[in-house]
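A.B. asks: Sharing a structure here in structure tokens format.
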Amino acid sequence: MLICFIFILLIPESATCPAECVCVDRTVSCVGQQLTEVPQNIPNDTIRLDLQDNEITKIGPNDFSSLMNLKALQLMDNQIVTIHNQSFSSLVFLQKLRLSRNRIRHLPDNVFQNNLKLTHLDLSENDITVVSDAQLQGPEFLEVLNLDKNHIFCLENNVISSWVSLEVLTLNGNRLTTFEEPSNARFRQLDLFNNPWNCDCRLRWMRKWLEKAEGQNKTVCATPLNLQGSSIEILQDKFMTCSGNRKRRYKKTCETAEICPLPCTCTGTTVDCRDSGLTYVPTNLPPSTTEIRLEQNQISSIPSHSFKNLKNLTRLDLSKNIITEIQPKAFLGLHNLHTLVLYGNNITDLKSDTFEGLGSLQLLLLNANQLTCIRRGTFDHVPKLSMLSLYDNDIKSISEVTFQNLTSLSTLHLAKNPLICDCNLQWLAQINLQKNIETSGARCEQPKRLRKKKFATLPPNKFKCKGSESFVSMYADSCFIDSICPTQCDCYGTTVDCNKRGLNTIPTSIPRFATQLLLSGNNISTVDLNSNIHVLENLEVLDLSNNHITFINDKSFEKLSKLRELRLNDNKLHHFSSMVLDEQSNLEILDLSGNNIQCFSSIFFNKATRIREIKVIGNDLLCDCRILPLMSWLRSNSSHSIDIPPCQQFQYSDNESDKQRCAAFPEETCSDDSNLCPPKCSCLDRVVRCSNKNLTSFPSRIPFDTTELYLDANYINEIPAHDLNRLYSLTKLDLSHNRLISLENNTFSNLTRLSTLIISYNKLRCLQPLAFNGLNALRILSLHGNDISFLPQSAFSNLTSITHIAVGSNSLYCDCNMAWFSKWIKSKFIEAGIARCEYPNTVSNQLLLTAQPYQFTCDSKVPTKLATKCDLCLNSPCKNNAICETTSSRKYTCNCTPGFYGVHCENQIDACYGSPCLNNATCKVAQAGRFNCYCNKGFEGDYCEKNIDDCVNSKCENGGKCVDLINSYRCDCPMEYEGKHCEDKLEYCTKKLNPCENNGKCIPINGSYSCMCSPGFTGNNCETNIDDCKNVECQNGGSCVDGILSYDCLCRPGYAGQYCEIPPMMDMEYQKTDACQQSACGQGECVASQNSSDFTCKCHEGFSGPSCDRQMSVGFKNPGAYLALDPLASDGTITMTLRTTSKIGILLYYGDDHFVSAELYDGRVKLVYYIGNFPASHMYSSVKVNDGLPHRISIRTSERKCFLQIDKNPVQIVENSGKSDQLITKGKEMLYIGGLPIEKSQDAKRRFHVKNSESLKGCISSITINEVPINLQQALENVNTEQSCSATVNFCAGIDCGNGKCTNNALSPKGYMCQCDSHFSGEHCDEKRIKCDKQKFRRHHIENECRSVDRIKIAECNGYCGGEQNCCTAVKKKQRKVKMICKNGTTKISTVHIIRQCQCEPTKSVLSEK
């Protein structure tokens, strides 16, 4: 005995803990380890065992036999089907058992017999159908029993009644029709939702219980019919009746249910469940069953081990269900089964172990399914099979190895399959020649030479392979059938040539053996998953150049690990996502030239590790901070072949100011956001379904290549035309049953392929004149069930393809303007005779289809209630002489006259405009420029700014910190406590208390915890990132930046490489001329004179002077930014130009106790003037200045008055009346522009000198004080500002670039430049550029009914030559002899004129030619 004891002590601790688990202080955690069975070597003294989130399928009798001390067992989220009746017999101290979210179908009797101390049992979300007393007996003090979301139709309650401690019983989502009241239970929670309750006398107890409970209003009756849908708690007892037969029929036991499952019938040893609406295979089947009939149900899946106890079963019929999945070993245990009927289902695939255990099977019917192949090993387990029907599937070929064990096969049905009768099916033809097993009349589909030939009549020598045909079906036993060469293309070797074939889409049937795919010179617009390029794993070269591609799905090239060359040049790409490149990409050559790409994300270049040649010339690359990723990549790959346009004017170094400057640039154009499916929606095969998803707005992230979009049954009230018109491939759009009010002009203008548009049952009141502009392909339009009164003819003028239109159930106003519609639908026969007139009364209820022209008259005025449907301004909503401007059918803007504000200009600007009173206090004007605040309860102070302290008598416990609220307080608890007063202690490692950081795993230990850290972290709470820079030395002065299990060397300017080992590149700027080298242009560009050694300076934005050394503008974008100038005189004028889109921000501040301040509030200038006469005087500008355009602001102080003028608007005056008559400060104060120092801002806000102390976000320029221009480089203090405004405002606001686009450019004096389209020039792109080009291409030459044998190089002249007097024409041609082939089979030689040179020539008139 002593020897044994010593041996136990010598066993290492790790030997008693399974390798997949973590064992800490009697707790064993094996969560998420993909375990398929309960691990061995679990310590015997374990108290808690966590096995959730694994793949365990069964619990054996001895799995927990040694764990007698176990108190908590977690087995949820596994695949458990089987539990032995002795599985838990040793767990005598078990208190909590969770078996939820498994696949348990049946509980053994007495399974919990020894678990007397069990208090919590969770069996929810399984497939249990019957729960009997014998299954539940054992526990004596059960408190919680969860049975939610099973298929329970019978529940015995004798054991449940005996549990006087039972507080929670959940039965939601089952199939219970009745449940007898448990006699002794005192439920705290009883959940009964979603059961088909039969509300008779037996449920009166339930009604009384629900009447007292709260939140149980979803418990409704299913039967009898007169009570269907009624909430049980509101019924009266007199309606809940029972007949005598029903009372006698009710039994308190599930014994009969165990014998024969509902709703089946059992006769002898046959179980008949035909046409019973079953959605799953019944579990409680009698063991003596020999035949089961389950045909014509709704079963979709056959789980593993579904029939394992039915050893006597000989026939099983599962035909005419909707089975899509047969799980592995589904029929295991059916050793005597000789007939299996599976025809008429939706089975697409069979696993190799699907029929394991069916050694006696003789007849197998798999006809009328959707099988595409037969895998290797599928029939290895059925050696006695004599009859196999695969009739009416989609099988193309069968490998010989698949049938090698079917030695007894005598009958095979293969008809109605698209068989490929090539060399890979010759083996079957040889067997059929010997045994004649194929008797169904199967025919060949491919190759073309054998199409429609009967399989049984073809000799084996006809089954041949030509060229690459042997590759097509070579791997049929792996369910892979390759494609033949597309009809539009030519295939030679492994090259597929589809160049210049006029293709609109990529052929979907490209063979996988292709190594080169050439698709140049077509009309392809999208590259999506439908093209199947992503499956061409052998592809090495892909040429998609010279197409119209605007969109590439992120996963289109995902699996092309062998792709070395990708050509996408000369397309219309605006974005190239890094998602297109796989992490393991071997791409070496990438051509993106001639697109519309503006920039690339840094992630893209992180993946482009093997690219040695890249071309992006001819794109719209932005020469600003967004080109940094490309510049950085170039520095690290300078030896590579690059074809990239230089950005001569953009300079960047790695200093802090440049980093901050570039950090603020917008990233939208460079983002890597892929084309995902919208939230809540489903996307499949370019069809997006968002029906009935409670959407309140048009969803984002809809794939650009979507063809069908379903948005019906939502709450959408507006269609964003910009987002919708990106979906240019859309053919069907369903917006019915929403809350749309109007259709605006050009809402669908880009949807040129849309054929069906359904907008029925909305709240449409208005169609704008161009509502359906662009819908030339529309055939079906439904506007039924709306509130439309007018149908403008112009809205329907583009509907040239319309065949059906529905406008019934609308409030149509049929005056003379509706006559056209009646005439139109009569001539086109497109309306079904449902639409009727509602107004005027003279034609009320008149069918439009049968109305006569004389009935449509304009004799009376249109009622205002109808006219305002499309123009709300007719109601004159704007006040105080404001001008109403209609912006859409249901929207308008009131342009207020100066001095008024509000949606309808109903309010006059006064001292209370800025809501100066805090905490919802009431503001009342006392006199011009002054106000009083009337506080709400709980506040006090001049501005009601002080909150009365409610923490004086707080009841916070356990170290909780009291936080004062309004008329209340809250307790901020320490980490381990919760509750209103921190009175409840939390358990560690729960959702509410997990101290482990950085994804560390929390393990509870006797009231405390331990953290198991993720790789890269350490510390008690995994709070410390392990320093990966410890042994790293960055070169050339670089500094190491620690990451998570990684590091980066932050290099000095010009250096690159992993360790900053790559020296700086050569200066890429053009060499300056001698004259410019001696210049000092400061913040500008030197322009040398061509005729002398002199030069001039072209200043950058924000600078002026002969040497560009005077700073005239300053940008504000950083927190705490400000400029400090010399003190302001008591009486003086300061003028500035402001550009901003912000609603708030400091403009200027001067003073201490006495002050003048100007700030933005709601986009207006708020001026506060105080010279010592309390209270301060307030004034707001009558106009807003935050529209992004430049505004000239002038502020003048003179004694008690302060004057404000914005642009050329009238001067506004505010007076601080009282004894003091001049603005005098205590000390020498600076004049602050754009913001305040932190201490000054806090003080100014505390004393209500300013409402908001944030710095301005925008630009201030051309500052003058008393008409003297200020050089901002001479400011006393300059903190966190920008030298110019290019990074803070949009200088393109309000700029019209005509035939081009405006881009911000810090190097331009005006801050912007117009980038003209290819055929235009000039400062604003309003001058057409003279240009005549020869455009070359390769195509067939056509003459009458003859075509050239080969494609030939030809050209056309295109361009603009300055007007009608000149034209772009060919001035040099050559002749070429070309061989032609004609439709009648003859050939000839034709002479073709090939253009060699194009230029502008005078236009020849017809008269001059004569």
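Keep in mind that glycine also has a Cβ here, set from the backbone N, Cα and C atoms.
Per Swiss-Prot, disulfide bond is recorded for CYS896-CYS905, CYS917-CYS933, CYS1029-CYS1040, CYS1051-CYS1060, CYS1076-CYS1086, CYS1081-CYS1097, CYS1099-CYS1108, CYS1259-CYS1285, CYS1292-CYS1302, CYS1297-CYS1314, CYS1332-CYS1368, CYS1361-CYS1400 (among others). Look at Swiss-Prot and you will find 17-43 tagged as domain 'LRRNT 1'. Here Swiss-Prot flags 619-671 as domain 'LRRCT 3'. Residues or ranges marked as domain 'LRRCT 4' in Swiss-Prot: 810-859. Residues or ranges marked as repeat 'LRR 3' in Swiss-Prot: 67-90. Sequence annotations record features per position, and here Swiss-Prot assigns repeat 'LRR 9' to 286-309. For 681-703, the entry in Swiss-Prot reads repeat 'LRR 21'. Taken from Swiss-Prot, the feature repeat 'LRR 22' applies to 704-726. The repeat 'LRR 24' feature in Swiss-Prot is assigned to 752-774.
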A.B. asks: Looking at the disulfide-bonded residues listed here (CYS896, CYS933, CYS1285, CYS1297, CYS1302), whose Cα lies nearest to that of CYS1040 (disulfide bond)?
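C.D. replies: So, spelling it out, the nearest of the disulfide-bonded residues is CYS1285.
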A.B. asks: Any residues 6+ beyond the ends of the repeat 'LRR 24' (752-774) with a Cβ under 8 Å from its own?
C.D. replies: 712, 728-746, 780-792, 794-796, 798-799, 801, 806, 869-870, 888-890
A.B. asks: Nearest to CYS1292 (disulfide bond) in three-dimensional space, by Cα, is which of the disulfide-bonded residues CYS933, CYS1086, CYS1368, CYS1400?
C.D. replies: CYS1086
A.B. asks: Within 10 Å of the Cβ of CYS917 (disulfide bond), how many other Cβ atoms can you find? Include all protein chains, please.
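C.D. replies: Its Cβ has 23 other Cβ atoms within 10 Å.
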A.B. asks: Run through the domain 'LRRNT 1' (17-43) and tell me, per DSSP, how many residues are helix, strand and coil.
C.D. replies: 0 helix, 6 strand, 21 coil
A.B. asks: Work out the three-state DSSP category of CYS1368 (disulfide bond).
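C.D. replies: Note: CYS1368 (disulfide bond) is in a strand by DSSP.
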A.B. asks: Would you count the other CB atoms within 10 A of the CB of CYS896 (disulfide bond), including those on all shown protein chains?
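C.D. replies: That number is 25.
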A.B. asks: To the nearest whole angstrom, what is the C-alpha distance linking CYS1302 (disulfide bond) and CYS1097 (disulfide bond)?
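C.D. replies: CYS1302 (disulfide bond) and CYS1097 (disulfide bond) have their Cα atoms 24 Å apart.
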A.B. asks: What does DSSP assign CYS1097 (disulfide bond), in three states?
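C.D. replies: Looking at the DSSP assignment, CYS1097 (disulfide bond) belongs to a strand.
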A.B. asks: Between CYS933 (disulfide bond) and CYS905 (disulfide bond), what C-alpha distance do you get in Å?
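C.D. replies: Here the two Cα atoms lie 24 Å apart.
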A.B. asks: Where CYS917 (disulfide bond) and CYS905 (disulfide bond) are concerned, what is their Cα separation in Å, rounded?
C.D. replies: 22
A.B. asks: Do you know offhand how many angstrom separate CYS1097 (disulfide bond) and CYS1259 (disulfide bond) by C-alpha?
C.D. replies: 24
A.B. asks: For the domain 'LRRNT 1' (17-43), what's the model's average pLDDT?
C.D. replies: 90
A.B. asks: Would you mind pulling the DSSP three-state label for CYS905 (disulfide bond)?
C.D. replies: coil
A.B. asks: Most Cβ neighbours within 10 Å: which of the disulfide-bonded residues CYS1285, CYS1292, CYS1400 is it?
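C.D. replies: That would be CYS1285, with the most Cβ atoms nearby.
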A.B. asks: Determine, using Cα-Cα distances only, which of these disulfide-bonded residues is closest to CYS905 (disulfide bond): CYS1029, CYS1108, CYS1259, CYS1285, CYS1400.
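C.D. replies: For CYS905 (disulfide bond), the spatially nearest of the disulfide-bonded residues is CYS1259.
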